[in-house]
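The region 'Disordered' annotation in TrEMBL covers 1-43. Annotation comment: TrEMBL describes 1-17 as compositional bias 'Basic and acidic residues'. Among the features that TrEMBL reports, compositional bias 'Polar residues' is placed at 18-35. Taken from TrEMBL, the feature transmembrane segment applies to 77-97, 103-127, 139-155, 184-207, 214-238, 290-312, 324-341, 387-405, 411-432, 444-467, 473-493.
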């Protein structure tokens, strides 16, 4: 009624009739009532959402089956496709494992793919299961680190993981050509290889632009297609297997840097699936199961082809470089098996390239939605793909195509190690700061158990960093330094309004967003 009286006075002051004043005031009063009802309805809906398991300002209280608000229109990923999606994020098949034999011989290579998962893959997969179900967002590990350490370190996580992913993507055209060079020698080097590398990168980038991603049961098809030739090769190789070849070892002639970097590259990136947490059907149960089954699949997909290859041919370590498994297929089964394996390698590398670029480019889009990057990174193509993110990722791949396979792996691992350190810190801090926060999947052992579990992989990270070459170390540290400076520069640009930044209204704020700024001041 106060609103009505004030409106009548205002209208009378302008010379209008009392009837007009009453009518206008009634309309305004009705609008006010509607707004009040809408606010009450919104509050009730927010409370209902919190009760159902969405973000409540203090974190995700439960997860259950609540979908991502940006993904309601998309079909959720079920268990079997998710297993093969993880398989492609981590492995894609035994293409690229040959350097372990070159570096350390058969016995250490075989033991590496059995022991290394215990030290590295299992802890990373467990952390991904816990944090991924706590924060069912497609921003993945960027949200984990931002919630524990603040947006500054979340940006560093995104920068290092994106750069690591781009470097990883530069490997797949190289591997693709290395598996073809035995059949087409011209692709082994020189101008034909450069042209083929660039052409392949452009072709796969265009496929990504058109939205061709490794999703659903297509991932299952690709995974089966990539592994079948090794099953056939195993059966054909049984008569010629000599178990004594598996026990060859010479500890005085081991290239530990190449050995560890190759193992590390083949068995990491378990956290990449967290960028799809919002697309998973019932992530509380599905994500941990998928990680478990994918871990078994990845280890078997590496171990048995390596067992066959080292047991069927006499050992010549210098021949064991990327692409040598296709030569072994030629020895075991003939030309038809070599071409089949090369076709599987091509499909696998194409799938991994498209999946990795999709993950990297969507992460840039997600960071832009969080206000970490300029708004133009949110621009999508007419096919719905992140246009600017794809162009940035493709440029990085072409820029790195001049590096060798071993240098690419080492540089990627160096940056990936820094990102994983931030993830370990975020994981432990969330246990300390928010021990009672709902965790749909929780690793047993409490905070002390979390610290113990993270200790062996952290030691491994330190060893990988120490064994890096001076060239790789300098390039990687420069890349890290760029990220440390880039975030304050972007904040300055945002403050001066030289570029437009925005924050999606559908995304909740980071945990303790304001207070965590003190960590970097």
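For all residues, glycine too, the Cβ spot is worked out from N, Cα and C.
From a predicted model like this one, the values you see are computed outputs, not experimental measurements.
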Cβ contacts the transmembrane segment (324-341)/the transmembrane segment (214-238), at least three under 8 Å, sequence gap 6 or more: yes
The transmembrane segment (290-312) and the transmembrane segment (139-155): do they have three or more Cβ pairs under 8 Å, with pairs 6 or more apart in sequence? no
Tertiary contacts of the transmembrane segment (77-97), as residues 6+ beyond its ends and Cβ separation under 8 Å: 109, 113, 121, 171, 175, 179, 214-217, 219-220, 222-223, 226-227, 230, 262, 265-270, 272-273, 276, 279-281, 286-287, 289-291, 293-294, 297-298, 301-302, 305-306, 322, 325, 344-345, 348-349, 351-352, 355-356, 359, 405
Taking pairs 6 or more apart in sequence, does the count of Cβ pairs under 8 Å between the transmembrane segment (411-432) and the transmembrane segment (290-312) hit 3 or more? no
Quick tally over 103-127, 214-238, 473-493 of CB pairs under 8 Å to the transmembrane segment (290-312) gives the top stretch as 103-127
Can you work out which residues elsewhere in the same chain, 6+ from the ends of the transmembrane segment (214-238), have a Cβ less than 8 Å from its Cβ atoms? 75, 77, 80-81, 84-85, 87-88, 92-94, 297, 301, 304-305, 308, 311-312, 328-329, 332-333, 337, 340-341, 344-345, 347-348, 351-352, 354-355, 358
Go through the chain and flag residues at least 6 beyond the ends of the transmembrane segment (444-467) whose CB is under 8 A from any CB in it; none is fine as an answer. 119-120, 123-124, 126-127, 256-257, 260-261, 264, 413-414, 417, 420-421, 424, 427-428, 431-432, 435, 473
